[in-house]
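Taken straight from TrEMBL:
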type     : residues : note
COILED   : 73-135   : coiled coil
COMPBIAS : 153-162  : compositional bias 'Basic and acidic residues'
REGION   : 153-187  : region 'Disordered'
REPEAT   : 250-283  : repeat 'TPR'
REPEAT   : 292-325  : repeat 'TPR'
REPEAT   : 334-367  : repeat 'TPR'
REPEAT   : 376-409  : repeat 'TPR'
Amino acid sequence: MSGMTQEEILQSTRTVVQGLDALKEEHEVIRQKLLTTADVLTNDERQLMEEKASIIDKNLDSIRLGIEEAQIMMALASHIQNLEAEKQKFKAQVRRLCQENAWLRDELNSTQQQLQQSAQQVAQLEEEKKHLEFMNSIKKFDEDQVNDNKENYAAESSRNDTHSTLQELGFGPDEEDDLHGAGQYAQPTPANAMAASASAGYEIPLRLRTLHNLVIQYAAQGRYEVAVPLCKQALEDLEKNSGHNHPDVATMLNILALVYRDQNKYKEAANLLNEALAIREKCLGEDHPAVAATLNNLAVLYGKRGKYKEAEPLCKRALEIREKVLGQDHPDVAKQLNNLALLCQNQGKYDEVEKYYKRALEIYESKLGPDDPNVAKTKNNLSSAYLKQGKYKEAEELYKQILTRAHEREFGQINEENKAIWQIAEEREDNKHKSGDAGTYQENNGSWHKAVKTDNPAVTTTLKNLGALYRRQGKYQAAETLEDAALRAKKQGQPVVGGPHGVVEMTGGIDESMIQSRMTTSTSTSGLKSRLFNALGLQSGTQ
């Protein structure tokens with residue numbers, strides 16, 4: 001019986017019920033016959049007949065009970081079948097709901113991607129707007145060129161003094177803080193610098209990446225009214241689910257601190273960074289790269305407030321951690337050395353400044369090669385330190401090295417037919433009395449123009465810096481050559497180096513500072529992948 005199916009059991013039960021019904025009818029017929037013959041029987045026979053009738057009644061009761069139990073069994077079987085049918089219907093509904101849920105997930109992912117694309121388009125439109133405003137400012141700059149050379153030089157010197165203080169302590173190499181009170185807030189920290197600064201040395205969990213990226217995107221666009229509430233809500237949820245002392249909480253505190261820093265809320269930013277530092281030290285250890293990143297960001301923040309003495313020990317501790325974890329000659333150690341040198345420079349400790357810059361330069365050249373953009377940036381920083389000490393010859397030599405290297409990288413070895421732009425500028429300075437006014441950098445000098453591409457805006461910065469130095473030395477013709485070349489490149493969105501037959505224009509951005517000397521945030525040096533999508537939540541493993 002145990003091997004029978006439900007349908008077979010139900011069919012057998014029906015057969016048994018039919019048999020019991022037939023047996024019941026037979027017993028009722030027999031009982032009826034006994035009752036009809038009772039009147040003609042004797043007392044003894046009647047007594048025997050009643051005993052038989054009693055037995056038949058008991059049998060009938062048992063038969064009726066069996067029939068009722070069989071009917072109950074069939075009713076239960078029917079009920080079970082109905083339940084099974086309901087179960088199958090519910091399973092079908094569950095499958096349909098799972099399919100709908102998967103579809104909704106796809107729709108949500110698609111909507112999130114569209115939202116990110118829309119945010120990127122908005123950011124691109126903002127950049128285009130800034131570019132148009134920049135081109136409009138160029139027209140005004142052209143009108144100012146009719147002013148006296150001395151007035152131009154005084155204005156450039158004033159700008160140089162401003163940029164060599166707090167602006168040098170920016171959070172990233174692409175940042176331009178507005179220190180002249182033109183707006184309520186400084187220009188937002190770029191998304192790549194903010195992402196790397198907040199998450200350096202710590203892998204962002206997948207569940208946080210979307211929110212992490214949205215906050216960075218809004219902050220990079222200056223939409224603080226959206227970024228700040230998102231950060232605060234994320235912090236509240238993280239602390240509720242993971243507790244206060246968790247690396248994810250420290251990462252979000254770093255992001256919120258950078259947003260506050262961009263809003264000039266330095267006190268709130270410092271409090272958050274100190275809190276993030278305590279959490280990372282407790283959770284990750286005092287010698288973790290993420291601790292060094294937070295120390296560096298805190299040092300940068302103090303530097304922006306002019307608290308160089310308070311910033312210096314923080315920067316030195318970050319340097320010690322990076323040296324211990326990454327090695328003495330890691331590129332991130334060189335970045336930390338640049339920051340430390342700049343802090344010392346603002347305190348007038350020029351011996352230490354030169355030592356740190358030279359060591360950073362050695363690391364970059366040995367590990368990344370002489371053509372790495374950081375080499376030119378560090379040389380520019382060292383040149384600014386030389387200028388502040390009055391070492392004009394040493395600064396000039398470094399500027400020429402940058403321009404010479406850029407020229408040779410694009411056009412080969414320098415010779416009489418293939419001169420760098422600084423050589424052309426000095427030739428024009430030397431020949432100005434022989435051939436009269438040598439003129440400015442004109443398009444009718446056709447053989448001088450050849451466009452090449454570059455991703456190193458430090459070359460253009462060097463052009464302007466060397467031009468300013470030439471003016472200081474009274475070499476106005478050479479200065480005008482470099483400045484006019486840089487200005488024309490600025491109009492066209494192209495920096496300039498020398499070419500095989502003279503001046504060569506290169507595509508790229510323009511750095512407005514006369515002497516580029518800036519602190520960088522804690523970013524990785526392993527290229528766009530680790531620098532930018534730290535902004536996408538990937539681990540920055542080279543802190």
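Just so you know, glycine gets a Cβ as well, placed from its N, Cα and C.
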Task: Secondary structure tally of the repeat 'TPR' (334-367) (DSSP, helix then strand then coil) - done: 30 helix, 0 strand, 4 coil
Open item on the list: Summarise the repeat 'TPR' (292-325) as counts of helix, strand and coil residues per DSSP.
Closed with: 31 helix, 0 strand, 3 coil
Open item on the list: For the repeat 'TPR' (250-283), how many residues does DSSP put in helix, in strand and in coil?
Closed with: 31 helix, 0 strand, 3 coil
Open item on the list: Based on DSSP, tally up the residues of the repeat 'TPR' (376-409) by helix, strand and coil.
Closed with: 31 helix, 0 strand, 3 coil
